[in-house]
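Have a look at the structure below, then the notes.
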Amino acid sequence: MLRFLLRRLVLLVPVVLGTATLTFLLMHLSPGDPARTYLGEHATPEAIAALRQQWGLDQPLLIQYLHFLRDLVTGELGQSMFFHEPIADLLATRLPPTLLLMLMSALLSLIIAVPLAAWSAVRNSGLSDTLVRTFTAVFQGTPIFFVATVFIVLFGIRLKIFPVAGYGNTPWEHVVSLFLPSLALALGIVPVLMRSLRTALIDALNSEYVSFARAKGLLHRTVWLHYALRNASISGLSVLSIQVSYLAGGTLVVENVFAIPGMGTFLMKGILNRDFPIVQASALVFALLVILVYLLTDVAYKLLDPRVRLK
């Protein structure tokens, strides 16, 4: 296990380098001038040239890239061009809301998908199974921003149950404020997760080891939890880990709709303002989050099924 973890950590280096390089090239080769954006369209050429020199944008692209790699290796993420604050300090305040949002979305997707999958698997090809699959298919084809907007109008404006914007000040307010955004994100994952768990549960319930467990007279709950659901959970874990990329991208939409001060709104402001340090740091953080989840998923495989060999 330790050798596997060390090998995966070593593999992080080219992934992080590739992500950083791609982000750097996309930002520097895209049209527009950060200095002109910052100073406004009425700025003089002299003022724009002075600001470009201050930010180092007047240097050749290769020199800028080497400086960027130097700062990346030393852990110096730089300073925001528009906020005039260190990127590390900005990330420290923006990252927690996004992490909590992604965690709550994953938990809500499991809370919804597991019972639906179990219900559908037991009533395979029945009316209930058809209704569940139809219900989940509708949400799979619905855009996140539409679901989020409906939630705001229904639960925030009409019923006034949940706040429609912000993050709150206390831990409880954080959870309450992120419930609707998390639910909007989770409903996009539920259809894929439910179908995967349903198929795995049907296969498990029709397997020989489950039939043997029933023949031994084991309790129905024991057969379900210890044999069927435990084996099906490996399939669900795979799907959930893959959907982390969806969650990371979904935060861009949901956080901007609900005005959450997280990484999604942070990255969007960086893109609109062409704030290179913000965009580069945010892309690296999202990439590291996805890679870390994949690493934890491999470890969870081993815990769920000791027969799995980590390579």
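Keep in mind that glycine also has a Cβ here, set from the backbone N, Cα and C atoms.
A TrEMBL annotation is a machine prediction, not a hand-curated record.
TrEMBL lists 95-297 with the feature domain 'ABC transmembrane type-1'. Look at TrEMBL and you will find 9-29, 99-122, 134-155, 175-194, 237-258, 278-301 tagged as transmembrane segment.
Counted as Cβ pairs under 8 Å, contacts with the transmembrane segment (278-301) are highest for 9-29 among 9-29, 99-122, 134-155, 175-194, 237-258. The transmembrane segment (134-155) and the transmembrane segment (9-29) are not in contact, since fewer than 3 Cβ pairs between them lie under 8 Å (pairs 6 or more apart in sequence). Long-range contacts of the transmembrane segment (175-194) within the same chain, counting only residues at least 6 positions beyond its ends with a Cβ under 8 Å from a Cβ of the stretch, are 97, 100-102, 104-106, 108-110, 112-113, 116-117, 120, 132, 136-137, 139-140, 142, 144, 147-148, 151-152, 155-156, 162-164, 166-168, 236, 239-240, 243, 246-247, 250-251, 254-255, 257-258, 260.
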